[in-house]
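What TrEMBL records for this protein:
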- 57-318: domain 'MHD' (DOMAIN)
- 80-160: domain 'Cadherin' (DOMAIN)
- 161-269: domain 'Cadherin' (DOMAIN)
- 270-384: domain 'Cadherin' (DOMAIN)
- 385-489: domain 'Cadherin' (DOMAIN)
- 489-603: domain 'Cadherin' (DOMAIN)
- 1-22: signal peptide (SIGNAL)
- 603-634: transmembrane segment (TRANSMEM)
Amino acid sequence: MTIKQVLLLLLLWMWLPHPCCTEMMFRRTPDLRPKSFVGRASGSDGKALHRQKRGWMWNQFFLLEEYTGSDYQYVGKLHSDQDKGDGSLKYILSGDGAGTLFIIDEKTGDIHATRRIDREEKAFYTLRAQAINRRTLRPVEPESEFVIKIHDINDNEPTFPEEIYTASVPEMSVVGTSVVQVTATDADDPSYGNSARVIYSILQGQPYFSVEPETGIIRTALPNMNRENREQYQVVIQAKDMGGQMGGLSGTTTVNITLTDVNDNPPRFPQNTIHLRIPESSPVGTAIGSVKATDADTGKNAEVEYRIIDGDGTDMFDIVTQKDTQEGIITVRKPLDYEMRRLYTLKVEAENTHVDPRFYYLGPFKDTTIVKISVEDVDEPPVFSRSSYLFEVHEDIELGTIIGTVMARDPDSASSPIRFSLDRHTDLDRIFNIHSGNGSIYTSKPLDREISQWHNLSVIAAEINNPKDTTRVPVYVRILDVNDNAPQFAVFYDTFVCENARAGQLIQTISAVDKDDPLGGQKFFFSLAAVNPNFTVQDNEDNTARILTRRNGFSRHEISTYLLPVVISDNDYPIQSSTGTLTIRVCACDSRGNMQSCNAEALLLPAGLSTGALIAILLCIVILLVIVVLFAALKRQRKKEPLILSKEDIRDNIVSYNDEGGGEEDTQAFDIGTLRNPAAIEDKKLRRDIIPETLFVPRRTPSAPDNTDVRDFINQRLKEHDTDPSAPPYDSLATYAYEGNDSIAESLSSLESGTTEGDQNYDYLREWGPRFNKLAEMYGGGESDKDAS
């Protein structure tokens, strides 16, 4: 007999009911009344003591889940000792599922399950049983409670909460490094058999990983797994119940494992020697090229720092690490010169910035390469001997004097001749010039320090063979001072002397200024050009002087003004001097010396008016004339205003004449008879109330017949105005007093109604509509009132 056959027989034996189990548990003694005795004893009163038997007593039934038979599944049997088999007893079942899930045979007490039961839904059911007399319906046994416990079978496979797990582990990890733990659950009863005992195994992912059977922890199984060789792994884990034995149910899950990077690879240059080229004219900071060391790692483990560690161009070049591309950019540190040196050699090192101490044995984590830089020759512009020039020259030098020379050379090996020139934008007055061959700068106009102390020039040097290659250099020319200006009064002095002045009285303090700027500072001397009997000058030796009187008393009626020449000289070489004249007026003063009046001056001035006064008077006269002309024009304009005030404003004009007219007796005014006599208007009578400015020849129009209606006359005149270019604009309104045909309502005037005889009927007003209701009420109401009276 095979193992499968043995297991099949075992399952069939478990599903079949066994009377030895049920009846043994459920056969009970009679009811609570004493019927038999297990033992005897005597009490203190000498009477025998009886032990009572319990009618029935049980604890629980057992039932297998997931029954697949076609009949109801037998659970067990209830039986009472009072049951004689004559059908006089009735068994009643109540509790969980009684009558629906569990039914009982009232006569025999057999209990059956009506459908399949799943232990995972409910593990046990609590019921109550009772036996009653069918005739009297009285219980013959007390109600007893029992439990139907569902026996588990292995009908649920283990399940994982996630279908796919994601995990990571560092590369180069040692064997047994924990990666992740997966856990499966089984809904079967863990307390009954091995249905819920789960064992884990690996179906895919060997030999790289392993799993612990009891815990589900996945661990590394190979040493030194390298991410650079393989980064992603897919592991399939199986969970099987029944302790992993044959016949157990199983479930699987997938674990995607990624090897994370560690710094286990040093940087490496792909070439041992790198060649770069750069023109000699490249400015400082120009990028020559880049070098890059490859690193199999990623992220910060691949970060590299570059540096120049050796070579003959360490002071001429720099290298900068570019973080985003992990390249080393070589730049120019100092100006290059092909004629001085044509080749440089550098030794560049690349080193990891984050090194893991665990992997020092895989190092060193650095590498070097040789970079050779060739300098290329270019046609360079001329080079001046200095970056700037400063020349100093005295302002009194003669024209054509050389003030300085600039020098430049062609740095190329060809050494082309140089031509010099001045940038005329820096010398607009053309004060200087330059020799094109030797760079000598000379004056072409006189210099004056007092006008311009500095001249900032720009000299241009160009190769004769290649005029486009030019170089500029600033030239600063400082003009040195020469004593060529005489001192003068610092300000204009308004000096007066009192008539009651005494000899030796101070009337003015004077000072001087000089445009020159001597090295030792300014020093002025003051004196009179000739001896003056009235005034004298006293030098204060501090570049000021005092004007003093030499006699007592002055009279403005005799002499109102004195002219005092004062000589001012400086102390520089050559000495410069000038004569300034002070005008001293004689004025009346009070006792304190305060000036009160100098009117005598007006008597001595020449008669007449100044030019400014004459111009002011003429302007006043012109303004008065303009005002008179405007006033006359406005006065004339008011006599007659035109119909249209402006050519631009031709709309919505209202012309007011303020003319009431003379009524019917006024034969000169407008007459309605003219409308009915078209021939009368042909005379074109002029108005008498205004003066005509220009007489226009009247335009003849055909006369209308005498019996022409006013409407036809108006239409005819309207047509003439539409075709007449001299007529008023199209939006001017011409009003004609014409009413039109009679109204069907005739006249509504109360004045006319008063002349009629008898009462009038105004009921027809109501037939005209709601607009005439008010009139109907007014006139109709009068009749009603009259009738009422």
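Start at 1 and count along the chain as shown; that gives each residue its number.
Any Cβ shown, glycine's included, is placed from N, Cα and C.
Helix first, then strand, then coil: DSSP counts for the domain 'Cadherin' (161-269) stand at 3 helix, 46 strand, 60 coil.
Mapped onto DSSP classes, the domain 'Cadherin' (270-384) shows 10 helix, 56 strand, 49 coil.
For the domain 'Cadherin' (385-489), residue counts in helix, strand and coil come to 3 helix, 47 strand, 55 coil, using DSSP. In the domain 'Cadherin' (80-160), helix, strand and coil residues by DSSP number 0 helix, 35 strand, 46 coil.
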